[in-house]
């Protein structure tokens, strides 16, 4: 548990320079992946929203000869395939050169791919641009979540980490609005305009990343403890070097990294070496696969054909519905992310899966009814059912998979786990997105039964396999899977002792009475 330790920050984050800087750094890291659904896509536009929107643009369909079925699936998958490999390069670079450099390199590659994508003169060139974007995304998908988790103030870490994916819906909304505006632009620029805007994100990241600090945990692992201490002091205590919270954090980081023996060649084989690591591996694989295999794939990339199948074919109607769905998703996913410490990860996962299951049964039943009777009322009823489904999806499967994966992993396996998350998730998503249009075209509403079965499996799996992690530091969370509760308590005691030693010499910004009072209450813990 996070102890009640004095800290030189304001109670309200918006009044505190250090905490505001934390949020600014989160924004830079998040903007690098604002286009992500799973691996990095178009930097300022989300790919699912962009591809949905482009399918409603007449000139795009004419330029690409009205793609559908296998070809449309190939177009969608072309973005993802490169990151199956580049995610592992992201792990290597993040461990060797740091999170910041890896994030910068990924942003530069995405920038190049974005220009190629926007100015494509053929379908092949357009697909090549998407592939380059996906390759850079493999790097950023590993570096950005790790950096966010490792530089955030303990008070803000759960919320900032959980807001990582919800920000995707801002890109989805922008995609929908740009594609709507593009309907009124003549010629090829009706689809090139939304595509060119995607380069704004990586340009901003490259321009501002210099002000973002490197991970203190990575610095400690490279024996650069003085630099790590300076960063923690600046961004967690407004520059107070002897701040008790900073000293406690640094002591905990040093002790955990020493126990992990980070210098002794961590490898992917370590995931199979202990029961705790095997459970971590199973959970992270379930999360990366489940993020797109719980039914959302059929109504995200292929919302347009789904709406067409129930009689909604107007480009204006489709684009307005896409915009409305993005706003709905943005509100609910951010609401859940900001309250993740209040409700807990496990309850959110379980409520989300149950709600999605009920919603998907409704979608399947109404779609079947429309296919059988042609009832306009049933086709209209599918739309609020989709909104209901996404509402439940948003409270867990948008904010939680990436931060939950990052926090359950020990430092030496964190970027390796994120690389696996990206690579395996990419393979699962590519397969899913390739198969979805074929299956929807062939059996239409009957295909939804597959996802109902998958949701039933995930309900049972999450109940038994997803432990609660709230009210713990990132170092402590990694111990939960090893069932080392005694070590968590011991870690706190050792770290607190280190702070007490320094507090005995006086705390520059607090009176002696306050220091003595705090020292006397160190044995009492209280959640922050």
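Cβ coordinates come from backbone N, Cα and C, glycine included.
Feature transmembrane segment, per TrEMBL, maps to range 126-147 of the set 38-59, 126-147, 192-213. Feature annotation (TrEMBL): of 257-280, 281-304, 377-400, the stretch labelled transmembrane segment is 281-304. Note on TrEMBL: of 427-446, 447-466, 467-486, the range annotated with the feature transmembrane segment is 447-466. Record note: among 148-166, 167-185, 224-242, 167-185 is the stretch given as transmembrane segment by TrEMBL. Ranges compared are 348-371, 492-515, and TrEMBL records transmembrane segment for 348-371.
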